[in-house]
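Taking it in order: structure first as structure tokens, then the write-up.
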Amino acid sequence: MYIKQVIIQGFRSYRDQTIVDPFSSKHNVIVGRNGSGKSNFFYAIQFVLSDEFSHLRPEQRLALLHEGTGPRVISAFVEIIFDNSDNRLPIDKEEVSLRRVIGAKKDQYFLDKKMVTKNDVMNLLESAGFSRSNPYYIVKQGKINQMATAPDSQRLKLLREVAGTRVYDERKEESISLMKETEGKREKINELLKYIEERLHTLEEEKEELAQYQKWDKMRRALEYTIYNQELNETRAKLDELSAKRETSGEKSRQLRDAQQDARDKMEDIERQVRELKTKISAMKEEKEQLSAERQEQIKQRTKLELKAKDLQDELAGNSEQRKRLLKERQKLLEKIEEKQKELAETEPKFNSVKEKEERGIARLAQATQERTDLYAKQGRGSQFTSKEERDKWIKKELKSLDQAINDKKRQIAAIHKDLEDTEANKEKNLEQYNKLDQDLNEVKARVEELDRKYYEVKNKKDELQSERNYLWREENAEQQALAAKREDLEKKQQLLRAATGKAILNGIDSINKVLEHFRRKGINQHVQNGYHGIVMNNFECEPAFYTCVEVTAGNRLFYHIVDSDEVSTKILMEFNKMNLPGEVTFLPLNKLDVRDTAYPETNDAIPMISKLRYNPRFDKAFKHVFGKTLICRSMEVSTQLARAFTMDCITLEGDQVSHRGALTGGYYDTRKSRLELQKDVRKAEEELGELEAKLNENLRRNIERINNEIDQLMNQMQQIETQQRKFKASRDSILSEMKMLKEKRQQSEKTFMPKQRSLQSLEASLHAMESTRESLKAELGTDLLSQLSLEDQKRVDALNDEIRQLQQENRQLLNERIKLEGIITRVETYLNENLRKRLDQVEQELNELRETEGGTVLTATTSELEAINKRVKDTMARSEDLDNSIDKTEAGIKELQKSMERWKNMEKEHMDAINHDTKELEKMTNRQGMLLKKKEECMKKIRELGSLPQEAFEKYQTLSLKQLFRKLEQCNTELKKYSHVNKKALDQFVNFSEQKEKLIKRQEELDRGYKSIMELMNVLELRKYEAIQLTFKQVSKNFSEVFQKLVPGGKATLVMKKGDVEGSQSQDEGEGSGESERGSGSQSSVPSVDQFTGVGIRVSFTGKQGEMREMQQLSGGQKSLVALALIFAIQKCDPAPFYLFDEIDQALDAQHRKAVSDMIMELAVHAQFITTTFRPELLESADKFYGVKFRNKVSHIDVITAEMAKDFVEDDTTHG
């Protein structure tokens, strides 16, 4: 076993949690500067293991907590982990952790994370070899110097500690204390014996007179007994007579109470029936109100539908007339359009012919004009240009410009041609699209009509289901009211049961149910749920005739909880307390009940109570435990006899009870408050309530849920249809919008077609003129430059002038004619497009709209809905009439029940009056019985006061009359007066004092024997203490010599025991001392005393020569330290520990001796662990592991370091120390 690891937090200079790397099982060296925390590390281990820190005051605990920068430390702990692979600690683990935690108000030990006491820790350490008498397995800083300078007496004290004499001293002190106490008791007993002897002498003289007194007193008591006994017998006879009368009266009272209870039961039954009928009436009236509200709503809906149907019929009638009018108007419009189109067809050829002529004339006029202009220009170029070349140059330039202009004109003409062709193609495409859209429009209209029809079908079905649901809701409401009434009835019965049972018990039952519900909800402890079987009362049945006796027998045990095992009850109670639930509970664990079979008496006057109970055989133990030792008897007399004979509890059917111990209990028991009856009623009401709830859930609510689901489905269908309707109507509007747009496009295209044609003709005429000019210029190119036209050209000019004038005149005539025809065409087209055709479109649209409603879909749906609402109104009125009839019949039934209630009330009152009269008579008898019982008690008391009497006293005076008895009694009293001064207790006192004397003598002998035993024990303890010191001295002395020779080769050292009877200059070794001790003590006692020893001296020689042996005072400081170390090693060899902690033990040694100490530690480290601190390099050589302690920011840290780092630190510290 050794220290494997140390964990420190908050202790002295170690603030943060410091986990020291595991130690070697041999030699570990810790190095560090002064004040870095090495000693605090040793203090931490000592804090856990040593007695030095056992009883710390609060201020001492605070002093051990770390103080530094940062937040204040409020608690600290030191944990030591031991390697226990050798099982030196009696714990079956290879690693054992021991932790001590302190704070301002706490000081706790934890062994393997479990809290233990300080004594447990100390006992555990002692079992592992840590002796309280030898604390030298931890050697603190300065301890070596302290031992080196200690006097001889101090070393003797140390030797006594190592020898363990403290135990002997403690036992000796206890023995001395016990001996003093025994001596005091012996003196007291002697005083008492002296007093008793004197008192016995006095009582001997009083005994003679007492004998005469006792003779007459015996006679007096016999006479008084006879008188009292006669009075007692007379009183008993009268009591028996009264008991017989009371029994007869009690039977009559029972009959009257039974009759009264029957009347009350009938009244309660009638009240229940009246409540149920009133609840039924209330439900019917509420249903009637609901029906009335429904009927009002239905009538309102019917009125709306009737108005809507009428409006639709009127609308359809008006639509028919309008359609005829529109068709007639459309026909007229078509005729007018045809007429105008015919007129247009006649005018357009004329217009086109005139226009064509005009265009040809304009083109010819432009050509002739251009040709003339060219000829004039040709004439002018003679004066314009000076030479032919200049003119040709200009013509070429002009031709180039003309070619470009002609090309531009051709492109424009080609573009207009293409535009006209595209317009014609678009016109055809537009027409195709328009026809397609018209076809789609008809399909969409048909689909909208179909959706309208489907929508109204679904709506009608939904309305029918809603009507059915309303009926079911009314039914559910009626059932809910019946359920509420039944629940109210159950609550009343539960309240009665609560009133008859203790609040704590009922709270306990409720709390147990909460615990089980918690388990069920969490899905845990299934075996606990299965192992709980409810209270006793819920687990059996019996005939009502036995309710009273069963209930009286069980009492509150009726509410004990049956469980399979004590484990189940423990689990329930743990959760019960964890949830802080109220109430009290008592469990009957079947596995713990010890029930034995009972031998019941074979008699016709009694039966075992358990035979009249019906229960699950599984719970036989529980019921035998509660009822197994009880008999149901015919009468109280039988109960008394059987209880005495068979030591069993007996009870009558009326609840009068006789305990096997002799106690009698009984009296009137109110059966109306029977808890078994109440529990039966509660259970029955719960079953009825469960049936009603099941019916409500299985039938009505399931149907309502089904209808709700169907209505939701229909509502979803209606929403889907509405969505589709909106979609198709939007599609229809979109198609109409597209058709309108196409029509407008076509009209716009027709409007732009004619201007484009005219523009084309103008461009073509201009192109001809430009081509003519180009040809003229080309012809002129290369000709001679002339200032005058040639004759041919002049003729051509004249001819052109004539042609131009003629063409202008023709063109004016054609223009006038074209304008006239164009005006006619424009007027006709405008009338067609802006008037006739536009109106025709409007008429067509109105006809289409009329066609949408013309099918009567809405009217058909409205008519169907109206028929359905009429049927619902009729059904509602029929149901309302049925409810009126039912209400009348139910109210009549209530009146009959109320009459019956009055009759039963009168009967109950008659029985009550009879019971009251009987009760008064019974009270009189009870008062008389009470007086007789009092007299009986007085007689019995006086007889008891007479004390024990001889047998002759019971028979001697039985034949005498009361008069004679009183006469003899008077004579006895006269004689007794003569002995009034006699000590009547003289004989008793004499016997009593004699007995006390014997007891005291025995006690005195016991004390004498005890005193002798204590003296013997003290002698044995003194001898053992002497032997222990002698043995320890020999072992330590031997070890000291051996260790010193190893530390100082060639040296010699001995220990010397010093004694009190020897002069201070005289000292002897262990052997001589032993002989002197025995001789010195032999003159006084056979037991040698350790008090003769005064000290332990040390004599050493560092050279080995006998003549150079010196005392400790004669040695240098380093030699003293070495000797002290040798003594410590010797003590440790005598009482070895599993590990040792040395704090700077080599401080005062020179290098040679430090090396010897290091070698010694290396030798001892084979069998024990060493943890040492040093500032010298010698101890490092024998070490197996090295640790360095650093102090940063007022906090210590300890880490594993290498041997080289440890040597460097020691050398550096030695250099700069």
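Positions of Cβ are set from backbone N, Cα and C atoms, glycine also.
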From Ser24, Ser787, Ser948, Ser1101, name the one Swiss-Prot lists as phosphoserine. Ser787
Check the candidates Ser249, Ser253, Ser383, Ser1067 against Swiss-Prot and report the one noted as phosphoserine. Ser1067
The candidate from Lys106, Lys486, Lys1012, Lys1058 that Swiss-Prot records as N6-acetyllysine is Lys106
Phosphoserine according to Swiss-Prot, picked from Ser864, Ser961, Ser1013: Ser1013
Just to confirm what the record says: which one of Lys105, Lys114, Lys578 has N6-acetyllysine annotated in Swiss-Prot? Lys105
So one of Ser320, Ser387, Ser1083 should carry the feature phosphoserine according to Swiss-Prot; which one? Ser1083
Kindly state the mean pLDDT of the domain 'SMC hinge' (530-642) in the predicted structure. 92
Same-chain residues near the region 'Disordered' (242-268), Cβ under 8 Å, at least 6 residues beyond its ends: 654, 671-672, 901, 904-905, 907-908, 911-912, 914-915, 918-919, 921-922, 925-926, 928-929, 932
Given the modified residues Lys105, Lys106, Lys140, Ser1013, Lys1190, which lie close to Arg33 (ATP binding site), meaning Cα to Cα within 10 A? Lys1190
Write out, in the order they occur in the sequence, the residues of the chain not among Gly32, Arg33, Asn34, Gly35, Ser36, Gly37, Lys38, Ser39 that have a C-beta within 8 Å of the mean position of the C-beta atoms of the recorded ATP site. Asn40, Val1189, Phe1191, Ser1196
For the region 'Disordered' (242-268), give the DSSP counts of helix residues, strand residues and coil residues. 27 helix, 0 strand, 0 coil
For Gly37 (ATP binding site) and Lys1190 (N6-acetyllysine), what Cα-Cα distance in Å is obtained after rounding to a whole number? 7
Listed in sequence order, residues with CB under 8 A of Gly32 (ATP binding site) and six or more positions away: Lys38, Thr1173, Gly1188, Val1189, Lys1190, Phe1191, Phe1209
Cα of Ser1013 (phosphoserine) to Cα of Lys105 (N6-acetyllysine): how many Å, rounded? 47
Using a 10 Å cut-off between Cα atoms, which of these modified residues sit near Ser39 (ATP binding site): Lys105, Lys106, Lys140, Thr783, Ser886? Lys140
Per DSSP, the domain 'SMC hinge' (530-642) contains 57 helix, 21 strand, 35 coil
Same chain only, sequence gap of 6 or more: which residues have a CB within under 8 Å of the CB of Gly35 (ATP binding site)? Phe1191
Same chain, |i - j| six or more, Cβ under 8 Å of Ser36 (ATP binding site); the result in sequence order is Val1189, Lys1190, Phe1191, Ser1196
